[in-house]
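Peer 1: Can you keep this structure in mind? I'll have questions shortly.
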Amino acid sequence: MKFLLGTLVVLATFVTLCNSQCYFIPNQSLKPNECQDLKGVSHPLNSVWKTKDCEECTCGQNAISCCNTAAIPTGYDTNKCQKILNKKTCTYTVVEKKDPGKTCDVTGWVL
């Protein structure tokens with residue numbers, strides 16, 4: 001019972017910290033069983049795919065929904081540091097602007 005309670009507390013904390021960045025594209029495809037993304041690529045209805053920009057998209061009846069899958073760093077010195085997205089691993093690193101070989105402290109991440 002304690003294990004179950006502990007698991008629920010961790011899950012609730014994780015859900016509270018999540019703040020996905022999503023957007024919707026109205027489905028303007030002339031075909032009823034597919035969606036067309038902004039690049040003109042057709043996707044079957046109810047399909048899910050990942051983009052090269054670290055987004056996961058879903059083709060729905062009325063729209064395509066896309067959400068960011070890379071955790072975005074927050075709580076770092078934006079004057080001194082910059083975030084860099086590695087599109088191969090869908091992860092950010094935060095480095096000094098003047099010396100990109102040095103990493104910066106990050107106090108939070110938002111998904």
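Each Cβ is built from the backbone N, Cα and C atoms, and glycine gets one as well.
Quantities reported herein were computed from a predicted structural model and do not represent experimental measurements.
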Peer 1: I want to verify the bond table. Which candidate from C67, C81 sits on the other end of the disulfide that Swiss-Prot records for C104?
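Peer 2: Here Swiss-Prot pairs C104 with C81 via a disulfide bond.
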Peer 1: Pick from C54, C57, C59: which one does Swiss-Prot say forms the disulfide with C90?
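Peer 2: Swiss-Prot says the disulfide from C90 goes to C54.
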Peer 1: Identify the disulfide partner of C35 as annotated in Swiss-Prot; candidates are C59, C66, C67.
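Peer 2: Record-based pairing for C35: C59.
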Peer 1: Looking at Swiss-Prot, which one of C22, C57 makes a disulfide with C66?
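Peer 2: Swiss-Prot says the disulfide from C66 goes to C57.
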Peer 1: Swiss-Prot annotates one residue of Q21, Q61 as pyrrolidone carboxylic acid; which residue is it?
Peer 2: Q21
Peer 1: C22 has a disulfide partner in Swiss-Prot; which of C18, C67 is it?
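Peer 2: As annotated by Swiss-Prot, the paired cysteine is C67.
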Peer 1: Using a 10 Å cut-off, grab the number of neighbouring Cβ atoms around the Cβ of C22 (disulfide bond), all chains included.
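Peer 2: Counting Cβ neighbours of C22 (disulfide bond) within 10 Å gives 12.
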Peer 1: Around C104 (disulfide bond), how many other CB atoms lie within 10 A of its CB?
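Peer 2: Looking across every protein chain shown, the total is 17.
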